[in-house]
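According to TrEMBL, the features are:
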type	residues	note
ACT_SITE	92	active site, proton acceptor
DOMAIN	98-341	domain 'Radical SAM core'
BINDING	112, 116, 119	[4Fe-4S] cluster binding site
BINDING	171, 172, 203, 227, 228, 229, 303	S-adenosyl-L-methionine binding site
ACT_SITE	346	active site, S-methylcysteine intermediate
Ligand code: SF4
């Protein structure tokens, strides 16, 4: 079976080249074509000997995703990338252009086992984990469309267009731990994308042992975002069912231990749902939790999903809730809805494409769960 070249790290590639009797310096050249110039075919690697290209193409694949659609929002601030995998499933990535930053929101799984009640990703069938190569390719393919590769024109063709990557698309990144970690290491490596950890955010619903392991494995350098959504056990049990296994008290104790080891602040994601978690008591509870670990709070006004029976808050309700938090000393941002017209925002594209709990219709299509990823 052919391996995915984008999943491979520098040491593994050097070992492979040595075993083929090619000089190891070729490894950095190959990785530069993949992660800086974002090529999609072996033929684009212009400075490699034909014999090496032949060996590589026999044993590996450069590209495993087919780009199917790229709808843009009317205001041009976000663009959705719908990809088809080799086994015929669909996933989405989103590009958000805002404040001089080009942020790519990537998916890590086809479906999600966590079944958060307000999230379209959790409503469909879980299919499988994405590979590190499939995660990385999402970033490369988006980058490629930002700065089209002009092969052979003699200019410096390094692409630095992607400034931030957020793991907030379909799937729970820490439930696909190895591939997520491998992808992050490739994003951060000097032979990879060369992105600093502060430009990478991983969002998790709170799998405590995996969070602890992750902070250790990335040496606290990557931004952590916790999908909190409620400060009350019973409400969180409904919104984020993993809370029944890793409850709020335990999560907060773990975060208290961890936040000093983190080199970045923690963010709480809080989807604000009318009548569910927007009361003054809910605001006080949230402020108490945030202040325990100096977390920033990202308020995400709920974006309706047809199959979920929740209500969006009004702008006035959002304002009131934020004011209550601020009064208690919490730093708050409100994520503006972007790309609603292309369903780039919040898990709705999938709902437009497939019957969620039925068996007919197209295969799974990813959804992006929130309005906009947090842009640090
Ligand atoms: S919010 Fe995240 S963890 Fe929960 S179902 Fe959606 S994708 Fe999965």
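Placement of Cβ uses the backbone N, Cα and C atoms for every residue, glycine included.
Unlike curated entries, TrEMBL annotations are predicted automatically.
Location within the structure of each feature annotated in TrEMBL.
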residue : record                               : Cβ contacts under 8 Å, 6 or more apart
112     : [4Fe-4S] cluster binding site        : 119, 121, 122, 126, 170, 171, 172, 175
227     : S-adenosyl-L-methionine binding site : 116, 203, 204, 205, 206, 240, 269
228     : S-adenosyl-L-methionine binding site : 206, 236, 240, 268, 269, 270, 286, 289
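Counted within 10 Å of its Cβ, the other Cβ atoms near residue 119 ([4Fe-4S] cluster binding site) come to 25, all protein chains included. Across the structure, residue 229 (S-adenosyl-L-methionine binding site) and residue 92 (active site, proton acceptor) are spaced 23 Å apart at their Cα atoms.
Comment: S-adenosyl-L-methionine site residues 171, 172, 203, 227, 228, 229, 303; largest CA to CA distance 19 Å, whole number. Confidence in the domain 'Radical SAM core' (98-341), given as mean pLDDT, stands at 91. Each of the binding-site residues 203, 303 was scored by the number of other CB atoms within 10 A of its CB, and the lowest score belongs to 303. Residue 92 (active site, proton acceptor) and residue 303 (S-adenosyl-L-methionine binding site) have their C-alpha atoms 18 Å apart, to the nearest angstrom. Residues 112, 119, taken from the recorded positions 92, 112, 119, 203, 229, 303, are distinguished by a CB atom under 6 angstroms from ligand 1.
For residue 171 (S-adenosyl-L-methionine binding site), the count of additional Cβ atoms within 10 Å of its Cβ stands at 30 [all protein chains shown].
According to DSSP, residue 116 ([4Fe-4S] cluster binding site) sits in a coil region rather than a helix or strand.
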